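**Q** Grabbed the feature section from Swiss-Prot, which reads as follows:
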type	residues	note
ACT_SITE	LYS76	active site, charge relay system
ACT_SITE	SER151	active site, charge relay system
ACT_SITE	SER175	active site, acyl-ester intermediate
Amino acid sequence: MLSAARLNRLFLAGELSAVEIAESALSRIAQVEPAVGAFITVAADHVIERAKKLDARRKAGDTELGPLAGVPIAVKDNICTSGMETTCASRILKGYVSPFDATVVERLRAAGAMIIGKANMDEFAMGSSGESSAFGVTRNPWDLERVPGGSSSGSAAAVAAGEAPLALGTDTGGSIRQPAAFTGIVGLKPTYGYVSRYGVVAFASSLDQVGPMGRDVEDVARLFEVIAGPDRRDATNAGRTPPALKFGGEPSLSGVRLGVPKELLGPGIDPGVKARVEEAIAQLEELGATVEECSLPSTEYALSAYYVIAVAEASSNLARFDGVRYGYRAAQAGGLHEMYSKTRGEGFGTEVKRRIMLGTYVLSAGHYDAYYRRAQQVRTLVVRDFERAFERYDALVTPTTPFTAWKIGEKVDDPVSMYLGDICTIPVNLAGLPAVSVPCGFVDGLPVGMQLIGKPFADTQILQIAWAYQKVTKHHEARPALTEEGGR
């Protein structure tokens, strides 16, 4: 699969038709999807129909086809799409078709993109492995016995496996960046409020953000510019448009000051991962950046605070799924309350039920102050740590994850161990900051990601830093050795 930028150029120049591009993507999906499991829905008829319309517009001389015209894209299945199911990878929403498009989907269509399908995910975005989907496990294209990360598991796997050049994911505590790191692609978690959440099924409303995933920084930046911007339908939208990004010339980080939080590059980080990230930091220095060690002392409390705030918001948001208005409804219920109980018990998976119960507990009258209020106080401390760091530094550098992808099933019975894998990404969500994961090497054949964290609304700045790093390295060009049959 060619890059999104190149596909767009070839299509606009008439060297490739949109139908040819769509058919090529569908052929690749047919080859590898049985092994990878990146999609819940493959919208073959839809994408061919869309491609024919784009071809007709180009032949008619339309010069405003858009920066994503002719580009296939996968959309995470918690983002509403009219005409396609939106299941959130849950039995409780199986068969549900939204009557409207999310704002980000509207913008994709306006930019000429071809939505090729809905990507698999952890159920209701609650997970870090891609194993909790009601529609099957997604596998890592680099090692089919390992997880691709989550919760945007299918989005990451689809891009890494060459099924689509771009994908949309959502990130609540690392759900774009962690799978991007595990699968060797680029993933951006934008500043909270930069991208509309209208039409995105909520997990934790104060943490969720939609973002782009792709094989290189230029493609991710192109998609970010399409989806970001004001939206009055989203009360949490910041009403800001990002500055235009221009890549070119010799890569240089002269004058850029980078901080490396000691809490996130010390004990608990796999030695191989640490070595790759330290090599990447040395490369940033060679590009002209000034690098210093810094401290984010409240980081040690971030994980605990997150798993109070996130589950509390989830228990509230998921109360709407009761079997009355839409989605799955349990049969043979003796009354209304039994119908609610059976529907939710049968419709939700284990991880979702675990988080709903925890959220209900921390919001209860006897525990609100001890847990939820205290977690919000810790969140304030995390924000202040970042504010102090950014008084001195332009961006911060950390590993994206403390270890590489684990084997499927390895952590299913130990959710706390899985939660600990988000230690580098969760503080960013608590503070509402932008962060991008870029490939920085391999450990035992498995990809490693470096995370660049920026100031609020400095998304374009961290993308520029990531681009400079990408220009002098080749890690993003590596491809998994999937055969035509989808095996290794």
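Each Cβ is built from the backbone N, Cα and C atoms, and glycine gets one as well.
Since we're looking at a predicted model, the values are computed, not measured.
Map the listed features onto the structure and describe their local environment.
**A** Around LYS76 (active site, charge relay system), taking its Cβ as the centre, 32 other Cβ atoms fall within 10 Å, counting all chains.
When secondary structure is read from DSSP and collapsed to three states, SER151 (active site, charge relay system) falls in the coil class.
Of all Cβ atoms in the shown protein chains, 36 besides its own fall within 10 Å of the Cβ of SER175 (active site, acyl-ester intermediate). DSSP gives SER175 (active site, acyl-ester intermediate) a coil state; it is part of no helix or strand.
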**Q** Near SER151 (active site, charge relay system), which residues of its chain come within a Cβ-Cβ distance under 8 Å, counting only those 6 or more away in sequence?
**A** MET121, ASP122, ALA125, MET126, GLY127, SER128, GLY130, THR170, THR172, SER175, PRO179
